[in-house]
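Inspection log for the structure reproduced underneath, given as structure tokens.
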Amino acid sequence: MSLWGNYYRLIVIAIGFLCLASVCSNYIVINFTFICMKTDYTESYLDDNGTIHSIYDYSSSGKKWIMWAVAAGTIIGTIPINLLYVKYGARYPFLIAGVVSCLATALVPLAAKISFFFLIVLRFLQGLAYSADFAAIGLMTVRWAPLSETATFVAILTAFTGISSVATNSLTGLICESSLGWKFAFYLHALVGLVLFAIWTIVYIDHPEDTGKVSQKELGKIQKNKSEAHLDRNTSVPYRKILTSPVIICVWINAFFEMSAVIMFSSYMPIYFHEVLKFGITETGFYVALVLFSYMPIRFVAAIFSDKFRFISEKLKIMIFNTFAVGFSGFFFACIGFIPAEHNMLSLSFFILTMCCIGVNSGGFYKCGVLHSRQFAHVVIAAIQWMKCLALFSAPALVAIFVSDESNRLQWLWVHLVLGCLMIITNFVSYFIFTDEPAEWTNSEVTVKLEKI
């Protein structure tokens, strides 16, 4: 038994995180390349006025469909992929999703050149693959995280959105400005993803007790304080009780509005920075990366605080962290819309404040969902993916309703104000519903009875 046998969960969480980030990067890389693609005149056409246009310069309506194709794929894929995870575990379903994502990403430049419909199909496939991410987070947390490290595991694994955005936007910005061109960004993302998923297949095991790579000391730590029902592989999932639980529903609503803000940032922040705040392409890539990376230290410190500090109750910690993650972030998000474009550095600081608040969500609604649903947390977290799917529709829809001119700050103001206020209201409602107690249906005997009803 190697030394790593006592820390094998750390290897699992590391490769799992990198694979999650890869799938996310594959679908968001186009968000930044939109800026570079419209100046690529290697493929162009003349309009009726004799003006030359790049075929890669998509209208707002075209971009909307490119975004919504991912959302559609994610929505359609979430439930069947979650069922595959429940039946087969995460190892092979997640591998297949990763390979599909990488192949679709590698083909995007070709599709953009020959057929908009082909591009939409590939984006749909990226969405299907992306729907595998959150169920994978749930299973890795349920099966590999000690209860005393729940928030830390969730914080690390759910940080993939920010890390992938940082890596993708900063790297793509450099590639676009280089002689390699924007197409190389897609090829590089696909190649890196294939390598990572090959490592995933070697490293990941669905049940820690099934491999000799995990020491008895490590296994004891992973299983400490978990009930027999939690460790039972044959317990049926009480879907009806989960779907009708007020606590879980409130968790999902909080997740939806917070995810909407995150999607708004990852999808539209490059456009807002470049078109409204008038940052250059290289500056935009750097500042987007700065915003999306700035919350990382706070995220991990908050997770450790949530798991390790015992001088206040779990319920109070959940309330505090959720207030920052959803309430305060909603306030700062709303404020962004009121900041004049000429004060672009002040706007940048409010973007950073919003992301820093969002960064503590692992100790808020995420932890509430995991502690309340226990061994069924993978279902609850997968459903948060469903909320993210809806956010992939709602964020572009909100922009489509209020924004017709991407350079007009006053049109963006309503996007920030509406979503920010909804986040504040949702957080307030959670004060009356959230709990740290396990649900009655997490007991194995109760679960069996419920499934027979």
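Cβ coordinates come from backbone N, Cα and C, glycine included.
TrEMBL labels come from automatic prediction, so no person has curated them.
Counting same-chain residues at least six beyond the ends of the transmembrane segment (7-30), those with a Cβ under 8 angstroms from any Cβ of the stretch are 66, 70, 94, 97-98, 101-102, 104-105, 108, 123, 126-127, 129-130, 132-133, 136-137, 140, 144-146, 153, 156-157, 159-161, 163-165, 167-168, 172, 185-186, 189-190, 192-193, 196-197, 199-200, 203-205, 208, 213-215, 218, 222, 266-267. Residues annotated as transmembrane segment in TrEMBL: 7-30 (among others).
The domain 'Major facilitator superfamily (MFS) profile' feature in TrEMBL is assigned to 11-438.
Among the features that TrEMBL reports, transmembrane segment is placed at 65-85 (among others). Same-chain neighbours of the transmembrane segment (65-85): 27, 30, 58, 93-94, 97, 119-121, 123-132, 134-136, 138-139, 267, 378-379, 382-383, 385-386, 388-390, 392-393, 395-396, counting only residues six or more beyond its ends whose CB sits under 8 Å from a CB of the stretch.
If you look up TrEMBL, you'll see 92-110 (among others) marked as transmembrane segment.
Among the features that TrEMBL reports, transmembrane segment is placed at 116-139 (among others). Panel annotation: around the transmembrane segment (116-139), residues 16, 19-20, 23-24, 26-27, 30, 62, 65-66, 69-78, 81-82, 85, 89-90, 93-94, 97-98, 100-101, 104-105, 107-108, 110, 154, 157-158, 160, 206, 377-382, 384-385, 388-389, 392 of the same chain, lying at least six beyond its termini, place a Cβ under 8 Å from a Cβ of the stretch.
According to TrEMBL, the transmembrane segment annotation covers 151-172 (among others). The list of residues near the transmembrane segment (151-172) in space but at least 6 beyond its ends in sequence, with Cβ under 8 angstroms from a Cβ of it, reads 13, 16-17, 20-22, 24-25, 28-29, 32-33, 36, 133, 137, 140-141, 144-145, 182, 185, 188-189, 262, 265-266, 270, 285-286, 288-289, 292-293, 295-296, 299-300, 302-304, 306-307, 355, 359, 361-363, 366-367, 370, 381.
According to TrEMBL, the transmembrane segment annotation covers 184-205 (among others).
Note on the transmembrane segment (242-265): residues 161, 165, 291-292, 322, 325-326, 329-330, 333, 351, 354-355, 358, 361, 364-366, 368-369, 372-373, 376, 379-380, 383-384, 386-388, 390-392, 394-395, 398-399, 415, 419-420, 422-423, 426-427, 429-430, 433-435, 439, 441 of its chain, located 6 or more positions outside it, place their CB under 8 angstroms from a CB of the stretch. Marked as transmembrane segment by TrEMBL: 242-265 (among others).
Within the same chain, residues 32, 151-152, 154-156, 159, 162-163, 165-167, 169-170, 172-174, 265-266, 269-270, 273, 279, 317, 321, 348, 351-352, 355-360, 362-363, 367 sit at least 6 positions outside the transmembrane segment (285-306) and bring their C-beta atoms closer than 8 Å to a C-beta of that stretch. The annotation transmembrane segment is assigned in TrEMBL to 285-306 (among others).
Sequence-distant contacts of the transmembrane segment (318-339), counting only residues of its own chain at least 6 positions beyond either end whose CB sits under 8 Å from a CB of the stretch, comprise 254, 257-258, 261, 302, 306, 346-347, 350-351, 353-355, 357-365, 367-368, 409, 412-417, 419-424, 426-428, 430-431, 434, 436. TrEMBL lists 318-339 (among others) with the feature transmembrane segment.
Among the features that TrEMBL reports, transmembrane segment is placed at 345-366 (among others). Taking Cβ pairs closer than 8 Å, the transmembrane segment (345-366) reaches residues 151-152, 154-155, 158, 162, 250-251, 254-255, 258, 261-262, 265, 269, 277, 287, 290-292, 294-296, 298-299, 302-303, 305-306, 317-318, 320-326, 328-329, 332-333, 335-336, 339, 381, 384, 430, 434 in its own chain, all 6 or more past its ends.
Look at TrEMBL and you will find 378-402 (among others) tagged as transmembrane segment.
According to TrEMBL, the feature transmembrane segment maps to 414-434 (among others).
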